[in-house]
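Student: Supplied in C-alpha coordinates, the structure appears directly below.
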(Lines of atoms letter the chains of each structure in order from A and count residues from 1; the text may use other names and numbers.)
(Lines give C-alpha, C1' and ligand atoms only; values in the text may rest on other atoms or scores of the structure.)
Protein backbone atom coordinates (compact mmCIF):
# COMPACT_ATOMS: atom_id res chain seq x y z
CA UNK A 1 0.00 0.00 0.00
CA UNK A 2 1.11 3.57 -0.76
CA UNK A 3 -0.12 6.48 1.31
CA UNK A 4 -2.01 8.77 -1.07
CA UNK A 5 -2.71 12.47 -0.55
CA UNK A 6 -6.11 12.88 -2.21
CA UNK A 7 -5.77 16.66 -2.44
CA UNK A 8 -2.84 16.11 -4.83
CA UNK A 9 -4.90 14.02 -7.28
CA UNK A 10 -5.86 15.58 -10.62
CA UNK A 11 -8.82 14.04 -12.50
CA UNK A 12 -8.64 14.73 -16.22
CA UNK A 13 -9.94 13.30 -19.49
CA UNK A 14 -7.99 10.48 -21.10
CA UNK A 15 -5.90 11.41 -24.13
CA UNK A 16 -4.64 9.19 -26.94
CA UNK A 17 -1.19 8.84 -25.40
CA UNK A 18 -2.79 7.41 -22.24
CA UNK A 19 -4.62 4.55 -23.98
CA UNK A 20 -2.00 1.82 -23.51
CA UNK A 21 -1.53 2.68 -19.82
CA UNK A 22 -5.30 2.60 -19.27
CA UNK A 23 -5.61 -0.77 -21.01
CA UNK A 24 -2.90 -2.22 -18.75
CA UNK A 25 -4.65 -0.76 -15.70
CA UNK A 26 -7.95 -2.35 -16.70
CA UNK A 27 -6.31 -5.72 -17.36
CA UNK A 28 -4.86 -5.62 -13.85
CA UNK A 29 -8.23 -4.67 -12.35
CA UNK A 30 -10.13 -7.40 -14.25
CA UNK A 31 -7.77 -10.17 -13.17
CA UNK A 32 -9.72 -13.03 -11.64
CA UNK A 33 -13.17 -11.47 -12.06
CA UNK A 34 -14.01 -13.36 -15.25
CA UNK A 35 -13.11 -16.67 -13.57
CA UNK A 36 -15.37 -15.82 -10.63
CA UNK A 37 -18.23 -15.11 -13.04
CA UNK A 38 -17.72 -18.47 -14.76
CA UNK A 39 -17.63 -20.27 -11.39
CA UNK A 40 -20.86 -18.48 -10.42
CA UNK A 41 -22.60 -19.78 -13.57
CA UNK A 42 -21.21 -23.32 -13.25
CA UNK A 43 -22.58 -23.68 -9.72
CA UNK A 44 -26.19 -22.73 -10.60
CA UNK A 45 -28.66 -25.64 -10.11
CA UNK A 46 -29.90 -25.76 -13.72
CA UNK A 47 -26.35 -25.67 -15.07
CA UNK A 48 -25.30 -28.50 -12.73
CA UNK A 49 -28.30 -30.55 -13.90
CA UNK A 50 -27.40 -30.08 -17.59
CA UNK A 51 -23.78 -31.03 -16.91
CA UNK A 52 -24.94 -34.16 -15.06
CA UNK A 53 -27.14 -35.18 -18.02
CA UNK A 54 -24.31 -34.76 -20.54
CA UNK A 55 -21.93 -36.65 -18.24
CA UNK A 56 -24.37 -39.55 -18.03
CA UNK A 57 -24.63 -39.68 -21.82
CA UNK A 58 -20.84 -39.56 -22.21
CA UNK A 59 -20.47 -42.31 -19.61
CA UNK A 60 -22.12 -44.66 -22.10
CA UNK A 61 -19.63 -43.69 -24.80
CA UNK A 62 -16.47 -43.16 -22.74
CA UNK A 63 -15.15 -45.89 -20.47
CA UNK A 64 -13.55 -43.37 -18.09
CA UNK A 65 -15.78 -41.90 -15.38
CA UNK A 66 -13.36 -38.99 -14.86
CA UNK A 67 -13.39 -38.07 -18.56
CA UNK A 68 -17.19 -38.23 -18.64
CA UNK A 69 -17.26 -35.65 -15.83
CA UNK A 70 -14.43 -33.44 -17.09
CA UNK A 71 -15.27 -33.11 -20.80
CA UNK A 72 -18.66 -31.31 -20.40
CA UNK A 73 -17.22 -28.93 -17.79
CA UNK A 74 -14.18 -28.16 -19.97
CA UNK A 75 -16.30 -27.50 -23.07
CA UNK A 76 -18.67 -25.24 -21.12
CA UNK A 77 -15.77 -23.22 -19.68
CA UNK A 78 -14.34 -22.73 -23.19
CA UNK A 79 -17.78 -21.67 -24.45
CA UNK A 80 -18.18 -19.14 -21.61
CA UNK A 81 -14.67 -17.77 -22.15
CA UNK A 82 -15.49 -17.10 -25.81
CA UNK A 83 -19.00 -15.73 -25.44
CA UNK A 84 -18.81 -13.80 -22.16
CA UNK A 85 -18.67 -10.02 -22.78
CA UNK A 86 -15.17 -8.77 -22.15
CA UNK A 87 -16.63 -5.68 -20.47
CA UNK A 88 -18.00 -7.47 -17.41
CA UNK A 89 -14.57 -7.60 -15.81
CA UNK A 90 -14.93 -4.55 -13.59
CA UNK A 91 -18.34 -3.01 -14.19
CA UNK A 92 -20.88 -4.28 -16.68
CA UNK A 93 -21.33 -2.69 -20.10
CA UNK A 94 -23.55 -3.76 -22.97
CA UNK A 95 -20.67 -3.44 -25.45
CA UNK A 96 -18.12 -6.28 -25.75
CA UNK A 97 -15.30 -3.78 -26.39
CA UNK A 98 -14.48 -0.17 -25.61
CA UNK A 99 -13.76 2.47 -28.24
CA UNK A 100 -10.70 3.98 -26.53
CA UNK A 101 -9.83 6.26 -29.44
CA UNK A 102 -13.37 7.62 -29.70
CA UNK A 103 -13.48 8.31 -25.96
CA UNK A 104 -10.11 10.10 -25.83
CA UNK A 105 -9.88 13.87 -25.38
CA UNK A 106 -8.14 15.89 -28.11
CA UNK A 107 -8.26 19.50 -26.94
CA UNK A 108 -5.08 21.39 -26.04
CA UNK A 109 -6.27 22.37 -22.54
CA UNK A 110 -7.10 19.59 -20.08
CA UNK A 111 -10.72 19.02 -19.12
CA UNK A 112 -10.75 18.22 -15.39
CA UNK A 113 -13.12 17.21 -12.61
CA UNK A 114 -13.33 19.20 -9.40
CA UNK A 115 -11.44 17.69 -6.49
CA UNK A 116 -13.31 18.49 -3.23
CA UNK A 117 -10.20 17.72 -1.14
CA UNK A 118 -8.39 20.68 -2.76
CA UNK A 119 -11.03 23.08 -1.46
CA UNK A 120 -10.71 21.63 2.04
CA UNK A 121 -6.91 21.71 2.23
CA UNK A 122 -6.41 24.81 0.11
CA UNK A 123 -3.61 23.08 -1.81
CA UNK A 124 -3.17 23.06 -5.58
CA UNK A 125 -2.33 19.67 -7.11
CA UNK A 126 1.09 19.45 -8.70
CA UNK A 127 0.90 18.22 -12.28
CA UNK A 128 3.57 17.05 -14.67
CA UNK A 129 3.63 15.16 -17.93
CA UNK A 130 2.30 11.62 -17.60
CA UNK A 131 4.78 8.77 -17.94
CA UNK A 132 4.63 6.85 -21.18
CA UNK A 133 5.27 3.20 -21.88
CA UNK A 134 8.01 2.04 -24.22
CA UNK A 135 6.79 1.68 -27.77
CA UNK A 136 3.71 3.83 -27.24
CA UNK A 137 4.84 6.50 -29.74
CA UNK A 138 4.32 4.19 -32.73
CA UNK A 139 0.86 3.28 -31.49
CA UNK A 140 0.00 6.95 -31.01
CA UNK A 141 0.92 7.65 -34.64
CA UNK A 142 -1.45 4.91 -35.74
CA UNK A 143 -4.40 6.14 -33.70
CA UNK A 144 -4.06 9.84 -34.51
CA UNK A 145 -4.63 9.12 -38.22
CA UNK A 146 -8.14 7.84 -37.49
CA UNK A 147 -11.04 10.14 -38.20
CA UNK A 148 -13.24 10.57 -35.13
CA UNK A 149 -16.81 11.54 -35.97
CA UNK A 150 -19.06 13.29 -33.42
CA UNK A 151 -21.36 10.25 -33.51
CA UNK A 152 -18.51 7.87 -32.64
CA UNK A 153 -17.30 10.18 -29.88
CA UNK A 154 -20.81 10.42 -28.39
CA UNK A 155 -21.29 6.62 -28.46
CA UNK A 156 -17.87 5.99 -26.88
CA UNK A 157 -18.52 8.20 -23.87
CA UNK A 158 -15.80 9.61 -21.62
CA UNK A 159 -12.83 8.24 -19.69
CA UNK A 160 -11.55 10.16 -16.67
CA UNK A 161 -8.13 9.48 -15.16
CA UNK A 162 -6.87 10.03 -11.62
CA UNK A 163 -3.32 11.31 -11.90
CA UNK A 164 -0.75 12.27 -9.28
CA UNK A 165 2.76 13.51 -10.11
CA UNK A 166 2.58 12.08 -13.63
CA UNK A 167 1.40 8.60 -12.56
CA UNK A 168 -2.06 7.34 -13.59
CA UNK A 169 -3.55 5.79 -10.46
CA UNK A 170 -7.07 4.91 -11.58
CA UNK A 171 -9.83 5.59 -14.10
CA UNK A 172 -13.60 5.79 -14.40
CA UNK A 173 -15.61 5.34 -17.59
CA UNK A 174 -18.88 7.12 -18.31
CA UNK A 175 -20.90 5.53 -21.09
CA UNK A 176 -22.24 7.68 -23.92
CA UNK A 177 -25.59 9.29 -23.13
CA UNK A 178 -28.48 7.27 -24.53
CA UNK A 179 -31.29 8.73 -22.39
CA UNK A 180 -31.68 12.33 -21.31
CA UNK A 181 -30.81 12.90 -17.66
CA UNK A 182 -29.39 9.38 -17.23
CA UNK A 183 -25.68 8.68 -16.71
CA UNK A 184 -24.00 5.29 -16.54
CA UNK A 185 -20.67 4.25 -15.02
CA UNK A 186 -19.16 1.48 -17.15
CA UNK A 187 -15.87 0.86 -15.40
CA UNK A 188 -14.11 1.89 -12.24
CA UNK A 189 -10.50 0.80 -11.74
CA UNK A 190 -7.82 1.79 -9.24
CA UNK A 191 -4.23 0.60 -9.23
CA UNK A 192 -3.44 -2.22 -6.81
CA UNK A 193 -1.06 0.01 -4.80
CA UNK A 194 -3.71 2.70 -4.27
CA UNK A 195 -6.74 0.71 -3.12
CA UNK A 196 -8.54 1.44 0.17
CA UNK A 197 -7.18 4.99 0.06
CA UNK A 198 -10.43 6.67 -1.01
CA UNK A 199 -9.43 7.02 -4.68
CA UNK A 200 -12.43 5.11 -6.06
CA UNK A 201 -14.81 7.15 -3.92
CA UNK A 202 -13.17 10.37 -5.12
CA UNK A 203 -13.57 9.38 -8.79
CA UNK A 204 -17.24 8.41 -8.41
CA UNK A 205 -18.27 11.43 -6.35
CA UNK A 206 -16.41 13.88 -8.61
CA UNK A 207 -18.06 12.41 -11.70
CA UNK A 208 -21.46 12.52 -9.98
CA UNK A 209 -20.94 16.23 -9.26
CA UNK A 210 -20.14 16.93 -12.90
CA UNK A 211 -23.13 14.94 -14.13
CA UNK A 212 -25.39 16.79 -11.67
CA UNK A 213 -24.15 20.13 -13.02
CA UNK A 214 -24.84 19.04 -16.61
CA UNK A 215 -28.45 18.09 -15.81
CA UNK A 216 -28.32 14.37 -15.03
CA UNK A 217 -30.73 13.19 -12.33
CA UNK A 218 -29.75 9.52 -12.02
CA UNK A 219 -26.55 7.47 -12.26
CA UNK A 220 -26.42 3.70 -12.87
CA UNK A 221 -23.60 1.27 -12.14
CA UNK A 222 -23.54 -2.44 -13.08
CA UNK A 223 -21.53 -4.52 -10.61
CA UNK A 224 -20.31 -8.07 -11.48
CA UNK A 225 -22.55 -10.60 -9.73
CA UNK A 226 -20.02 -12.27 -7.39
CA UNK A 227 -18.34 -8.98 -6.40
CA UNK A 228 -19.22 -8.43 -2.73
CA UNK A 229 -16.63 -5.67 -2.40
CA UNK A 230 -18.08 -3.81 -5.38
CA UNK A 231 -21.60 -4.04 -3.97
CA UNK A 232 -20.50 -2.81 -0.55
CA UNK A 233 -18.55 0.04 -2.15
CA UNK A 234 -21.53 1.43 -4.05
CA UNK A 235 -23.89 0.95 -1.11
CA UNK A 236 -21.60 3.13 1.02
CA UNK A 237 -21.86 5.83 -1.64
CA UNK A 238 -25.65 5.82 -1.42
CA UNK A 239 -26.49 3.51 -4.34
CA UNK A 240 -29.44 1.12 -4.18
CA UNK A 241 -30.02 -2.10 -6.08
CA UNK A 242 -32.57 -1.80 -8.85
CA UNK A 243 -35.46 -4.24 -8.53
CA UNK A 244 -34.81 -4.94 -4.83
CA UNK A 245 -34.84 -1.59 -3.08
CA UNK A 246 -37.10 0.26 -5.52
CA UNK A 247 -40.66 1.55 -5.67
CA UNK A 248 -43.35 0.62 -8.20
CA UNK A 249 -42.36 3.65 -10.27
CA UNK A 250 -38.77 2.42 -10.50
CA UNK A 251 -39.92 -1.00 -11.67
CA UNK A 252 -40.42 0.56 -15.11
CA UNK A 253 -36.67 1.19 -15.22
CA UNK A 254 -36.02 -2.56 -15.13
CA UNK A 255 -37.14 -2.80 -18.74
CA UNK A 256 -34.63 -0.16 -19.86
CA UNK A 257 -31.78 -0.88 -17.41
CA UNK A 258 -31.75 -4.64 -16.96
CA UNK A 259 -28.67 -6.62 -15.85
CA UNK A 260 -26.51 -8.37 -18.41
CA UNK A 261 -27.26 -12.04 -18.77
CA UNK A 262 -25.06 -14.91 -19.77
CA UNK A 263 -25.44 -18.69 -20.28
CA UNK A 264 -29.01 -19.93 -19.65
CA UNK A 265 -30.09 -16.39 -18.86
CA UNK A 266 -28.24 -16.17 -15.55
CA UNK A 267 -27.45 -12.54 -14.61
CA UNK A 268 -23.81 -11.49 -14.79
CA UNK A 269 -24.29 -8.12 -13.12
CA UNK A 270 -26.40 -6.37 -10.51
CA UNK A 271 -27.77 -2.93 -11.33
CA UNK A 272 -27.27 -0.16 -8.78
CA UNK A 273 -28.56 3.39 -9.07
CA UNK A 274 -28.39 6.72 -7.28
CA UNK A 275 -30.62 9.77 -7.68
CA UNK A 276 -28.58 12.96 -7.85
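Glycine too: its Cβ is placed from the backbone N, Cα and C atoms.
Since this is a predicted model, take the numbers as computed values, not measurements.
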Student: Checking feature assignment: region 'Disordered' per TrEMBL, candidates 101-125, 126-150, 151-175. Which range matches?
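Tutor: Comparing 101-125, 126-150, 151-175 with TrEMBL, region 'Disordered' matches 126-150.
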Student: Kindly point out the range from 18-36, 37-55 that TrEMBL annotates with transmembrane segment.
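Tutor: Range annotated as transmembrane segment by TrEMBL: 37-55.
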Student: Under TrEMBL, the annotation transmembrane segment belongs to which of these stretches: 61-80, 81-100?
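Tutor: Here TrEMBL associates transmembrane segment with the stretch 61-80.
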